[in-house]
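Database features, via TrEMBL:
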| type | residues | note |
| --- | --- | --- |
| DOMAIN | 261-417 | domain 'SSD' |
| REGION | 853-872 | region 'Disordered' |
| TRANSMEM | 30-52 | transmembrane segment |
| TRANSMEM | 264-283 | transmembrane segment |
| TRANSMEM | 290-314 | transmembrane segment |
| TRANSMEM | 320-344 | transmembrane segment |
| TRANSMEM | 365-384 | transmembrane segment |
| TRANSMEM | 396-417 | transmembrane segment |
| TRANSMEM | 687-708 | transmembrane segment |
| TRANSMEM | 714-735 | transmembrane segment |
| TRANSMEM | 742-765 | transmembrane segment |
| TRANSMEM | 785-805 | transmembrane segment |
| TRANSMEM | 817-837 | transmembrane segment |
Amino acid sequence: MFVTSARDRLLTSASNRFGDLGDFIERRPWVVILMSTLMAILFGMGAGGVVLETEGVYLWIPTTSETYTNFLSYNDAFQAGAKLNFLNFIVSAEDGGSVLRKDLLVEVVDLHHNVTVDFVSPKGESFQDHCFKSSVALHGVDSPCEQTTFLQLFDYTDAGIPAAEADILAAVNTANSVSSVASSLGGLTYSDSDQTAITGASTMIMAYALKNLDASQIDYETYIVEQTLPETLKELYPKLTIQRLSSVAFDEEVKKLVVDDMPLFMGAIYIIIIFLALTFGPLTRAKNRVLLSFVALPQVILSLMFATGCQGFFGAKISTLNFLIGFILAGVGVDDMIVVEEFYARARAKNSKSVMRDTLSEGGMAVFLTSFTAVVAFLVGAFVDLPAVRSFCVCAGLAFGFNFVMNVTFFPAFLLLDERRCCFPSCCSCCVGRAHEEEGQNGDGDEDKEGEVVVVEKPPSLVQSFFKNVICPALEKPPVQALVMIVTFGAAVGSLVYGLDIDVGLSVTEVVPDSSYAVTFFDTLEEKFTSQVKIMCFSAEGIDFSSSTDVGKLTELFDDIEVIPTVLGRVGRYSGHWLLHYQAYLTNNGLDPYTDFGKSYVDFLESSTCNSMPCDVYAMDVRGVIESGELKSVAQSRFFFEEISPTETSEVWKVYKELKSLQTSSGLGGYYFIELFMYAENDSLMFMYLFRSLGVTLVAVATAMFIFTDTASTIYITLCVCCIDCHLLGFARVWDTRLNSVLFTTFIMSVGLSVDYCVHIAHAYVHAEEKTDPTKRLKEALMSLGPAVFKGGFTTLLGVCLLSLASSSVFRMFFKMLFLTVIFGVLHGVFSLPVFLCLHQKLMNRLGLGHGDGKGGRGEKAKMEEEDDSKL
């Protein structure tokens, strides 16, 4: 009783405040419009502070995950904290033959020298200024850029390439016997007599790493991109077909995705606005609401300005997903506009003395409930440990919150002004036309006893007639109610069971336009490099290299790694690792590899005893303290090895766990690193993140609803939203969609969107004039807001369908989930929820616990007290 009484007082107070707001709008509509607009502009001034992030590592990886922590450690230890940018070339022969021919390799060597030496930007910067290389301060020696490509086999010179193709193949096979060349050569062919003997390769990949510390790096990489345009490469290297992709170029493709699909978003919003104009009334000269419907556009823009500006003040990073918020806001905001207009029409039909006060007293709470639950859902999602999801949810929560403010200030003010259009001299014909239409509706203008004009209700619309003649009569029947319950729960359970087997993962090609050359690049990579050799790294920490025991454990760990069937060759790859060469150097100079460890370290790096190569290529593999040419201590050191396994993240995660178990058994400190491990861990945790986040979101939304509505409505709305999420999971799998961070975002979003349709119907049911008969109450609730909910859902659906033409899988994924959310949200709001509430009240009546009036079920005594109060 205390909770019910407190809730009643809260709702009454809120209703009064909304009524006061309505009075102010009626007196000062232009002041309200200006205040709302200025507030949005004021906060929107911070929008320039947001940063569009396109790097997947910083968007889709949980920041508290083990592999992300490893990434940060690796980045700090071996890349000096710089972000790694890539520059890759896939090279193939123009004539379709093997690239392992001298005339072709000479052009490849020329390409390599152009990239690493000859390309100098207008600012005088070269590749050497922006690559990863060792320095005396950090590594003991200065060395050229750390670049290891297949051309290392020929010393990066024309003279190092044998003239005969047979000699080239012999060198390649020798290298392959030590460490696989499949990571550099694709489309490999083998001898019929010896399946290990390479006879040709159709493609070669050249990979370069650039450090990204500031804007100058972006400028230089942009210069490289401009110098390696397809037509330029074709002119310089006529015997080769070259595909190029870089981090900057890829980022531009991601941004292009938004540019390409922006007309679709705007088209969808305009479709929603046009249908809104049709919903508001006939398109006659006197009663058309075209101008009013276009209020949705500035309302969406101002809400987005407010949300983006708030984020910009804090320098927030956003992703391309944030550009979808405006479209989603238009669809949902229109639903609330339709509800406000519906209450406004009722107030006018009642000949109210204060139409706007009555409109917001009732409609304000209905819109507040839907907006509040949506904001709560998004703000809970803001605590998810995925940066892109967090940014999206924060922006969406702020936008939906401000959109509510606009729906109870900005839109009602324009609604009022639209009604007053005929007061302007230039609109006299409009006024006359509208007056004639009202006279036609009212006959001769019959008056009641008070002398007031009796307002004749408009004939029911097609949707209202459908609800009155089809839906309501059907749902009143007990067999239909039983069928609705069986179908609702049966479909939810079936969808959940089926959806649990959904595939997991997000492909890099899904975040760029389908027509992008980046898609072609990755398709070639997948087709030609079918083995997908992955270069993994073990970073050792806390190892005493002067101890034979610790080094023995490390050697045993390497032996165990090399035994794994999917690991190719040895740890250290073709040329061996730094420790192997350093110990050999100490031994060859009469020093003990353990007791003398650290001595002559700089001399070792400056020598050329590492397989006849300069040893400074290993300088960046060790991070420690170097003094007077000696290595005093080692903080971290890395060892590379090659591994081949399916690229599915589930398989990659199995490899990681196997490697981790070997390390744990050895008792050595350190971690394994490859960027793919982060995505593998993310995908392995996706179901846990999904169910945990949905659970927390549902609890938060249910708590919010419990504050403003009755217990029964809270329970059944939450139940309907749970069923909707089950349907989404099952149908996502049916629609060939994989569970990933993007789909995860749509699930969080679906809670905030789908609850709208249910809350409106529950609000109408709770506040229906009929209290005792649940069947009549169901009909009254559906006839009250059912058509508005249906029209709002249909309006959103029209705009959503246009997203099916989006140029990227990511946006089409949003289309699928938004489409399903609207469909199931309307179905559960119109069919399932009213049936649940009706059956609940019937059960309460049979148990003698009251008529379930939405205020706690106070029983017959309370009912009699209410009747006595009414008589008094």
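We number each residue from 1, going along the chain as drawn.
For all residues, glycine too, the Cβ spot is worked out from N, Cα and C.
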Considering pairs 6 or more residues apart, do the transmembrane segment (714-735) and the transmembrane segment (817-837) have at least three CB pairs under 8 Å?
yes
Could you check whether the transmembrane segment (742-765) packs against the transmembrane segment (365-384) - three or more CB pairs closer than 8 Å, residues at least 6 apart in sequence?
yes
Of the listed stretches (290-314, 365-384, 687-708, 785-805, 817-837), which one yields the highest count of Cβ-Cβ distances below 8 Å with the transmembrane segment (264-283)?
785-805
Considering only the recorded stretches 30-52, 365-384, 687-708, 785-805, 817-837, state which has the highest number of Cβ pairs under 8 Å to the transmembrane segment (320-344).
785-805
What same-chain residues lie close to the transmembrane segment (687-708): Cβ under 8 Å, and 6 or more beyond its ends?
7, 10-11, 14, 62, 365, 368-369, 372-373, 376-377, 380-381, 384-386, 500, 504, 714-715, 717-718, 721-722, 725, 739, 744, 747-748, 751-752, 755, 759
Any residues 6+ beyond the ends of the transmembrane segment (290-314) with a Cβ under 8 Å from its own?
36-37, 39-41, 43-50, 269, 272-274, 276-277, 280, 283, 322, 325-326, 329-330, 333-334, 337, 391, 394-400, 402-403, 406-407, 410-411, 414-415, 418
If I take every residue in the domain 'SSD' (261-417) and average their pLDDT values, what number comes out?
86
